[in-house]
Amino acid sequence: MLFLPADTGHPTGVAAASGPHVRSPVARAVRAMEPRCPPPCGCCERLVLNVAGLRFETRARTLGRFPDTLLGDPVRRSRFYDGARREYFFDRHRPSFDAVLYYYQSGGRLRRPAHVPLDVFLEEVSFYGLGAAALARLREDEGCAVPPERPLPRRAFARQLWLLFEFPESSQAARVLAVVSVLVILVSIVVFCLETLPDFRDDRDDPGLAPVAAATGPFLARLNGSSPMPGAPPRQPFNDPFFVVETLCICWFSFELLVRLVACPSKAVFFKNVMNLIDFVAILPYFVALGTELARQRGVGQPAMSLAILRVIRLVRVFRIFKLSRHSKGLQILGQTLRASMRELGLLIFFLFIGVVLFSSAVYFAEVDRVDTHFTSIPESFWWAVVTMTTVGYGDMAPVTVGGKIVGSLCAIAGVLTISLPVPVIVSNFSYFYHRETEGEEAGMYSHVDTQPCGTLEGKANGGLVDSEVPELLPPLWPPAGKHMVTEV
């Protein structure tokens with residue numbers, strides 16, 4: 001019979017007509033599908049599996065249900081046969097083998113024992129070669145991210161460029177380029193903010209501010225090309241220091257985007273990537289603004305239309321901050337959390353919309369008799385309802401009647417309850433993605449397929465294996481640092 005550890009949670013043993021696993025419907029269905037053969041038969045032979053001193057016993061036909069695995073293939077498992085003891089010996093993790101054997105007995109149900117760490121169990125599953133499908137199901141059940149396959153270009157030069165600009169962890173030069181890219185992004189954002197200061201702002205694009213400039217000080221006298229200081233030459237747009245810095249940043253962004261576009265393995269996949277679209281949007285405002293400025297200097301186009309375009313384009317420049325998400329795991333986790341919580345966020349907005357309509361209507365009718373009321377209509381009350389339900393409370397609009405104050409109190413309480421309902425789900429999603437990312441980093445997992453070759457094996461004469469007997473195991477789960485590769489396309 002089979003010797004089991006006392007704390008095991010999986011039914012294991014001989015595939016006979018007794019035992020707890022036979023009473024389960026799954027086990028009976030699996031046994032009903034097995035072919036009946038008269039004894040003596042090799043498939044009914046009992047096999048003894050010794051795992052680090054703990055002996056398991058099962059039938060050969062039980063292991064034969066999965067012939068592509070290490071235990072299911074008689075040729076591959078024969079390498080571990082001990083003729084003197086008439087058993088198969090595996091110097092592996094004993095608590096994990098209980099679940100591995102149950103995988104064969106149950107017809108493909110793989111469950112990690114509660115007392116076995118995930119990384120240890122994944123390594124055992126890889127050793128016994130249970131297959132990529134079983135490993136993917138296990139990762140999904142455990143909440144692990146399935147590493148996607150990241151293709152590489154075929155040409156060697158394009159492959160080096162792609163690794164240099166797309167994978168900062170691939171080499172020291174790639175890390176330096178990533179640092180330079182982050183610094184350029186930060187400089188661009190700082191310039192975008194500083195050029196809106198009154199001391200640096202050039203308002204000559206807006207003729208409507210000319211009277212204000214004459215009355216408020218010299219810094220607004222830049223309008224229509226006039227000098228901010230008496231006697232100083234008119235300020236030209238292309239001589240502006242902010243324009244020069246912005247041009248240098250755009251040159252770097254354009255160079256980076258162009259190199260990645262040329263070296264990418266698939267143009268279609270490249271343009272479907274959201275981060276690449278953000279990179280394109282980050283440089284588009286500069287060229288539109290430059291073309292508008294040149295057209296205005298040549299007298300082409302309407303000034304009002306040019307001014308409207310410039311204002312919209314300048315607003316789009318703020319999206320450059322999302323370029324940092326390419327180099328920030330925290331921003332990526334935040335994006336994954338928001339994407340996974342779209343349903344909860346939609347419910348939150350829907351609940352707030354209902355509350356805003358109800359309480360704005362109630363406070364309007366409660367304050368309608370007041371002559372000096374701020375709640376002149378229900379749409380005017382929307383703003384008050386929003387800031388009250390979100391517990392902001394600016395105080396620019398406040399009820400003064402008893403009924404209005406009661407409505408305001410109920411609105412604040414309802415807002416707290418409404419906002420607090422979906423928050424635990426969003427926090428749970430963030431915790432899930434955060435721990436998944438940190439656990440992947442601690443385990444040394446990479447987001448691409450490893451192709452590290454196997455070590456040199458000794459010959460059969462020394463008790464080893466020849467190359468043809470190497471088991472077709474899954475790729476290593478935790479490749480050594482500096483040895484990660486990706487699949488070529």
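Note that Cβ sites are derived from N, Cα and C of the backbone, with glycine treated the same way.
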Worksheet item: Which of the listed positions, Asn224, Asn429, does Swiss-Prot note as N-linked glycosylation site?
Response: Asn224
Worksheet entry | Long-range Cβ environment of Cys264 (S-palmitoyl cysteine), under 8 Å and at least 6 residues apart | Pro153, Trp162, Phe270
Item to complete: Answer yes if the transmembrane segment (176-196) and the transmembrane segment (309-328) have at least three CB pairs under 8 Å among residue pairs 6 or more apart in sequence, and no otherwise.
Response: yes
Item to complete: Tally Cβ pairs under 8 Å between the transmembrane segment (274-294) and each listed stretch (242-262, 309-328, 345-365), then give the stretch with the top tally.
Response: 309-328
Worksheet item: Do you know the DSSP helix, strand and coil residue counts for the motif 'Selectivity filter' (391-396)?
Response: 0 helix, 0 strand, 6 coil
Discussion item. If you average per-residue pLDDT over the motif 'Selectivity filter' (391-396), what number do you get?
Written reply: 84
Worksheet item: Where else in the chain does the transmembrane segment (242-262) make close Cβ contacts, counting only residues six or more beyond its ends and a cut-off under 8 Å?
Response: 158, 161-162, 165-166, 180-181, 184, 187-188, 191, 194-195, 200, 270, 276, 279-280, 282-283, 286-287
